[in-house]
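Asks: Below you will find the structure I want to go over with you.
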Amino acid sequence: MGKYHSFVNVVALSLSLSGRVFGAIGPVTDLTISNADVTPDGITRAAVLAGGVFPGPLITGNKGDEFQINVIDNLTNETMLKSTTIHWHGIFQAGTNWADGAAFVNQCPIATGNSFLYDFTVPDQAGTFWYHSHLSTQYCDGLRGPLVVYDPDDPNASLYDVDDDTTVITLADWYHTAAKLGPAFPAGPDSVLINGLGRFSGDGGGATNLTVITVTQGKRYRFRLVSISCDPNFTFSIDGHNMTIIEVDGVNHEALDVDSIQIFAGQRYSFILNANQSIDNYWIRAIPNTGTTDTTGGVNSAILRYDTAEDIEPTTNATTSVIPLTETDLVPLDNPAAPGDPQVGGVDLAMSLDFSFNGSNFFINNETFVPPTVPVLLQILSGAQDAASLLPNGSVYTLPSNSTIEISFPIITTDGVLNAPGAPHPFHLHGHTFSVVRSAGSSTFNYANPVRRDTVSTGNSGDNVTIRFTTDNPGPWFLHCHIDFHLEAGFAIVWGEDTADTASANPVPTAWSDLCPTYDALDSSDL
């Protein structure tokens, strides 16, 4: 770590070569984190920004690349925290657990006025990912953006003609009050932003600019849909067009035709859109499950515009979805079978997580997650190897190496009270993808070819979503609700995977070791 160490020449070159929707950078780049005012929906507020923009710049690379992303912390607004970390959502970080970015699990935060180099390779993954602050609720204030790893040998390449910066679509909830200053559990966002623009339906809003995505009639587009949400899930659709899903959370899946996609916080889908309709403008809709849930006046909307169509807003009407996405219809393209034996409990270790809520905090197995002062990885490197020795007490579970693991998330109602209010809760596992052998809304188990992903909705009362994965990646890995306000309220645990081999598998750089002493020396006003 150092004072403003910079790859600025590389960044300048990257920016000069892009200049498209997001202004793509990477895989070697600076990423400066700073505060600035933004007005994405007609209302101005201070925000936490990556690269000075919302959403943050698209970061790209190819399968097999080494990513070297130098995060420079220039934050000055203490109401949104001056420190930061960056999590690379969906990247396995095999051998680089220290670069996973979860504050107080994998690292101490980067102090304001300092920088830290995230240096990791992506040898066997390609697809659609994203990055965000993983410190408290900071990403709700703006620090979030898309990340794409391209595959030069993409098995689906014959299905589309266009896949570039212009075909990335981000969906974000937006709040006019800083997360630390607002309610612990907001009732809903003030607006929904599609590629960083949206409309606010309240006072001071109005007909602000919306994102326009342009297509050419006759071409096939691979759109990469990324939910960078802090809370709501969205029902996404494009008037007059079906979508063919080919990728789920960085995993190729068999082609599946749908006309709407319910996408939860942290999830991603690639879909093919065939621009085979009349030259015109069509509404793109992303309706949240909380807040304003219609599209009157262009809220929750963007525009799909065919080349040569008039520069006007669409007049298309929403129709009832007839082939909505159903998670159980998604089938992985390669090696589709779930780990373990094809029967209930047919794994080396099975565990059911007991959720509860006391009005202010969420609990898993009667413990609410309170971030430790010493990161879990540092605890392991310092000699703590078993759950009894690892902090926070009761929130760290050790997992054996090279084992099959089954985790269940029962959502139950007792005496009229839901064990986890605010459902459905999307749960994200760091360091892995998993097979969803029982999905929300389903009572059956599928061990032969279940969807494989890294973020799953745990559904509503009566659901018992069940996942399986293999412990092949030593290190501490966060498992948490991706509604960021719920994570802040303790809805998380840590898997201490193969603690005995964690140190040898994850050699840490000196700069990582310097993070905690620097952070621990900060005045409370600089945290």
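Cβ atoms here come from the backbone N, Cα and C positions, even for glycine.
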Asks: Can you match one of His425, His428, His430 to the Cu cation 4 site that Swiss-Prot gives for Cys481, His486?
Replies: His425
Asks: Quick one: Swiss-Prot says Cys516 makes a disulfide with which of Cys108, Cys140?
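Replies: If we follow Swiss-Prot, the cysteine bonded to Cys516 turns out to be Cys108.
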Asks: Given Swiss-Prot annotates His134, His430 as Cu cation 3-binding, which of His241, His480 belongs to that site as well?
Replies: His480
Asks: With Swiss-Prot open, pick whichever of Asn402, Asn464 is annotated N-linked glycosylation site.
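Replies: Swiss-Prot annotates N-linked glycosylation site at Asn402; the rest carry no such entry.
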Asks: So if I measure Cβ to Cβ from His89 (Cu cation 2 binding site) and keep only same-chain residues at least 6 apart in sequence, which ones fall under 8 Å?
Replies: Phe129, Trp130, Tyr131, His132, Leu147, Gly266, His428, Asp454
Asks: For the glycosylation sites Asn156, Asn209, Asn317, which Cβ has the most other Cβ atoms within 10 Å, all shown protein chains included?
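Replies: Answer by Cβ density within 10 Å: Asn156.
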Asks: Tell me the residue counts in helix, strand and coil for the domain 'Plastocyanin-like 2' (162-306), as DSSP assigns them.
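Replies: Split into helix, strand and coil, the domain 'Plastocyanin-like 2' (162-306) gives 6 helix, 70 strand, 69 coil.
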Asks: Do any residues at least six apart in sequence from Cys108 (disulfide bond), in the same chain, have a Cβ closer than 8 Å to its Cβ, and if so which, in order?
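Replies: Listed in sequence order: Pro375, Leu378, Leu515, Cys516, Thr518, Tyr519, Asp520.
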Asks: Taking the center of the Cβ atoms of His425, Cys481, His486 at the recorded Cu cation 4 site, which other residues in this chain have a Cβ no more than 8 Å from that point?
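Replies: Residues close to the Cu cation 4 site, other than His425, Cys481, His486: Phe362, Ala420, Gly422, Pro426, Phe427, His480, His482, Ile483, Leu487, Phe491.
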